[in-house]
Amino acid sequence: MLARVIRSMAKPARMQSSSLVKPVSLTKIPGRYLAHQEGLPKLPVPPLQQTLDRYMAVLQPIISQEELEHTKHLLDEFGKPGGVGERLQKGLERRARKTENWLSDWWLQTAYLEYRMPVVIHSSPGVVLPKLEFHDRQGQIRYAAKLIAGVLDFKTMIDNETLPVEYLGGKPLCMNQYYQILSSCRIPGPKRDTVINYTLSKSPPTHVTIVHNFQFFVLDVYNSDGSPLTVDQICTQLEKIWNSSLQTNKEPIGILTSQHRNTWGNAYNNLIKDKTNKESVKAIQKSIFTVCLDAPMPRVSDELYLSRVATQMLHGGGSRWNSGNRWFDKTLQFIIGEDGSCGVIYEHAPAEGPPIVALVDHVVEFMRSAETVRSPMIPLPMPKKLRFNITPEIKKDIEKAKQNLNIMVHDLDVKVTVFSHFGKNFPKSQRMSPDAFIQVALQLAYYRNYNRCCSTYESASLRMYRLGRTDTIRSASIDSQHFVQAMDDPSKSNQQKVDLLQKAIVAHRAYTNMAINGQAIDRHLLGLKMQAIEDLTSIPEIFMDTSFAVAMHFNLSTSQVPAKTDCVMCFGPVVPDGYGVCYNPMDEHINFAISAFNSCAETNAAHLSHLLEEALLDMRDVIIQLPKSKL
Ligand code: COA
């Protein structure tokens with residue numbers, strides 16, 4: 001998940017209980033969203049020489065001296081007055097003047113819509129929620145009904161434009177992503193995909209899709225007067241769906257969406273040749289969101305439970321289990337298992353994780369406080385089942401998709417852990433940034449495993465800017481390298497180790513500040529490259545250089561997605577020999593989800609997880625062993 005805010009930075013006023021608005025439009029504040037958006041600054045284009053200098057600095061811990069010298073030479077040539085760099089920079093600055101955000105469209109295309117790998121594992125993140133206290137269909141249906149009501153409550157704030165604006169360091173943030181996550185779906189294309197959002201269409205959707213035993217249903221969730229169905233009403237409707245989809249031998253049509261995007265693009269065109277299929281697909285795409293009522297998964301020990309749920313969220317467990325119980329192109333899918341497993345999978349193109357977990361936090365809070373309104377039982381029509389005509393060709397596509405998906409499922413190695421020794425309160429008590437503390441620990445864990453530093457990606461929010469998405473914090477720095485090398489060096493004193501740790505943490509926080517203020521290097525370099533492509537000039541040598549390839553090979557792809565709910569987001573690695581690491585730092589514990597590929601002999605999620613735990617504990621120990629006056 002290369003593209004990946006700042007819930008903790010943005011004091012989430014919306015999460016206070018008063019934020020649960022009534023499902024009526026009395027509070028509508030028309031035009032509020034646009035007025036807010038227009039007040040946001042535009043993403044700056046950083047100065048060229050600044051980026052080139054910083055690029056050289058980030059290469060230091062990951063590139064050999066010899067390669068560095070070669071790269072320095074290329075960068076000097078690129079950046080010289082009147083050179084290629086200057087020309088591209090001017091082009092970028094022109095683009096920045098003419099567009100709302102010089103980066104957002106390029107980013108959407110290159111990071112998502114033109115990315116051809118399956119969205120499953122390679123792009124779509126999952127969210128693992130704590131195990132629910134039910135073990136049967138009754139509990140599953142009741143929970144699903146409340147959850148649907150909770151999401152509709154959140155939707156009211158979006159529709160009414162009353163969603164409280166988030167702030168970061170006193171600055172308001174772009175709220176656009178919240179308006180992209182409902183009633184939205186990715187659509188495959190043979191070369192590039194598109195995302196369609198029905199929120200502003202002439203007839204915005206009033207239904208959600210429910211999928212059970214691979215069968216899709218349209219569930220209307222609003223009454224004719226525009227009020228949402230009550231929890232009881234939704235329950236009744238879900239019962240009807242459940243009872244009419246008891247057979248499990250149906251074709252898992254949704255599994256098609258797990259394919260490589262070109263393959264799926266072709267299969268899609270074939271699928272929608274049939275009018276009934278086209279209408280059914282459109283009903284899924286247009287729905288507000290999808291709820292997947294999953295069959296029970298194989299039981300595992302308590303220790304492995306969260307890791308198993310992570311796989312259920314990321315891929316559904318394979319064609320024998322729940323992978324056919326999805327439409328992976330759908331932006332938002334809530335997953336509720338009959339066995340109490342629960343979570344979310346979302347298609348990444350329209351939004352980053354933080355708005356998704358903000359929605360999850362709201363729903364969880366809503367469900368806690370929701371009173372059961374006993375509604376007059378006006379009979380509601382049977383939810384419509386979506387029909388698919390399966391031709392032999394479609395059947396063949398489904399079989400191919402099953403095979404590919406099962407290979408991907410076997411290849412994914414996920415470990416979810418709860419680090420329970422301390423949470424973000426410990427680094428805070430030491431006047432250290434918790435995020436930087438965790439990132440430095442990750443550097444230490446990796447170094448201990450591989451005896452080298454690697455190119456590391458951490459998502460940084462650009463939402464202080466209009467339509468801002470993310471940039472990259474490069475967590476492997478010269479300071480983190482000095483610390484990880486010193487930590488296990490017996491010739492170094494505790495004081496020296498702590499001094500180096502503090503320096504590494506300060507450097508990380510400084511990079512974070514630079515990134516969230518639009519001054520990091522990765523998106524700027526991408527912009528310069530895209531500008532060269534647009535100008536139809538040859539790609540500058542700095543982008544063909546070995547150093548560039550190494551810098552872009554993120555063995556550690558990481559992200560903090562903080563939530564109030566005791567959950568954790570998870571995603572796959574972005575390179576074959578890498579790790580995906582996502583974490584939710586709570587006050588007294590930290591939830592981690594680490595992924596790797598089984599096909600890579602050098603990676604192992606559980607082992608890195610173990611090393612990370614040791615690194616966090618060792619870092620705490622060197623700090624607390626020091627007399628307070630020496631800190
Ligand atoms: N001393 C004491 N407390 C400190 C501190 C210090 N030196 N530095 C930070 N803190 C506090 C902060 O005030 C904050 O307090 P809070 O919990 O009361 O809000 C807390 O520690 C967390 O701060 P920190 O750990 O530094 O991280 P952050 O919340 O600023 O987040 C990023 C850092 C990089 C994660 C964030 O800026 C960001 O950009 N997130 C985007 C993530 C994203 O988009 N992910 C997408 C995934 S799809």
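Cβ atoms are placed via backbone N, Cα and C, with glycine included.
Secondary structure at His348 (active site, proton acceptor), taken from DSSP and collapsed to helix, strand or coil, is coil. Among the features that TrEMBL reports, active site, proton acceptor is placed at His348.
Secondary structure at Ser433 (CoA binding site), as computed by DSSP, is coil. The number of other CB atoms found within 10 A of the CB of Ser433 (CoA binding site), across every protein chain shown, is 17. Feature annotation from TrEMBL assigns CoA binding site to Lys424, Lys428, Ser429, Gln430, Arg431, Met432, Ser433, Pro434, Asp435, Ser461, Arg509, Gln560.
Feature annotation from TrEMBL assigns (R)-carnitine binding site to Tyr457, Ser459, Thr470.
In the predicted structure, the domain 'Choline/carnitine acyltransferase' (43-614) carries a mean pLDDT of 96. The domain 'Choline/carnitine acyltransferase' annotation in TrEMBL covers 43-614.
Closeness to ligand 1 is met by none of the recorded positions His348, Ser429, Tyr457, no Cβ falling under 6 Å from the molecule.
Between Thr470 ((R)-carnitine binding site) and Ser433 (CoA binding site), the C-alpha separation comes to 20 Å. Taking only the Cα positions, the spacing between Ser433 (CoA binding site) and Ser459 ((R)-carnitine binding site) is 16 angstrom. All protein chains shown were included, and the count of other CB atoms within 10 Å of the CB of Lys424 (CoA binding site) stands at 22. A 10 Å cutoff on Cβ-Cβ distances gives Arg431 (CoA binding site) a total of 9 other Cβ atoms nearby, all chains included. According to DSSP, Lys424 (CoA binding site) is assigned to coil rather than to any helix or strand. Using a 10 Å radius centred on the Cβ of Thr470 ((R)-carnitine binding site) and all shown protein chains, the other Cβ atoms total 27. When the binding-site residues Ser429, Ser459 are compared by the number of other C-beta atoms lying within 10 angstroms of their own C-beta, Ser429 comes out lowest.
One residue stands out among the recorded positions His348, Arg509 for having the most other Cβ atoms within 10 Å of its Cβ: His348.
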